[in-house]
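Database features, via Swiss-Prot:
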COMPBIAS  198-210  compositional bias 'Polar residues'
COMPBIAS  283-304  compositional bias 'Polar residues'
COMPBIAS  340-357  compositional bias 'Basic and acidic residues'
MOD_RES   S273  phosphoserine
REGION    172-210  region 'Disordered'
REGION    281-304  region 'Disordered'
REGION    327-357  region 'Disordered'
SIGNAL    1-31  signal peptide
TRANSMEM  47-67  transmembrane segment
ZN_FING   120-162  zinc finger
Amino acid sequence: MTIFTRDFSHRILACVLLPLFLFQCLPYVTCQQGSESAGRNGKSKESSIIGIVLLSLFLLLLVVYCLNYGCCIEENETGGHEVLHSRVRRGIDKDVIESFPAFLYSEVKAFKIGNGGVECAICLCEFEDEEPLRWMPPCSHTFHANCIDEWLSSRSTCPVCRANLSLKSGDSFPHPSMDVETGNAQRGVQESPDERSLTGSSVTCNNNANYTTPRSRSTGLLSSWHVPELFLPRSHSTGHSLVQPCQNIDRFTLQLPEEVQRQLVSLNLIKRSHIALPRARSSRQGYRSGSVGNERTGFSQGRQTLRRAISTSLSFSFQPAPVRSTLDRDNLMRETSQANDKDFGERSFQRLMPEKN
């Protein structure tokens, strides 16, 4: 650790040269006192010795103080950088953030349960129909996509309930699958008996007012996250919960039916798989671009196709459980893949040279 910086060394040099200059003036003062009275030589010598000792002590204390001051400054600067790096490391990876379903508010507005899910807890603005939202499956809280992406880039908890949204190493986003015979949703990760879900958790306030979070009509996707039962208050400066524990958090909770939840997760996987489509390759001319339109037009058409697929998939009719199966989701993925391939112009391998007769 470098202690002697340029400014600090200049300060120490000035502190050393000033007492030395005073030492040079001390003999002249003692000589003037000795010329006035020759009988006081002994007392003048004692006073000069005392003055030298005092100046030496003062110089020593000054040097020690300067050294300690420089060390404290270096430690504070180093500690500040360590705290900053530790806060940066607490964020969630971009891949995990993108695994949370994103959609437009107008696409799920007609399917939500209750009057909740109408406001973002980060910017405190109501949702508009054409605004992109991001839904948190562990706690069903919904935020603007830009707001929650910025929040999770430096934090790993939900802004409302402080649920841990970071996945452990080796875990993946829980993708529910449908059983053809029973029609029940099966999660990819088994829930342990000691895990507690957000459903039915209660909060007790200091003023003897009990607030119980509304019981969700759906089980949700709560397999890989641990949601605390009690919402402990934290200050806004620490970057944790922005909502007081006794406030009504229904307006931040978007409760959706199980079928809609499964469709959102499936369509989010489809959208992520079609972000970067492979290009057809020729052995003679290498990679080729899309055959229909330019790159920007292809991405625009693919996004429109995906949006139509989302709207179509969410416009389902609630039927008994045995009727629904995984065939609907597989057909949807196949149709969306074919539509995107057609819009992007990335067809299967074809001959680039005409056949010779």
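Any Cβ shown, glycine's included, is placed from N, Cα and C.
Residue counts for the zinc finger (120-162) under DSSP, split into helix (H, G, I), strand (E, B) and coil, are 8 helix, 11 strand, 24 coil. Mapped onto three states, the DSSP output places S273 (phosphoserine) in helix. Within 10 Å of the C-beta atom of the residue listed as 'phosphoserine' sit 13 other C-beta atoms, taking all shown protein chains into account.
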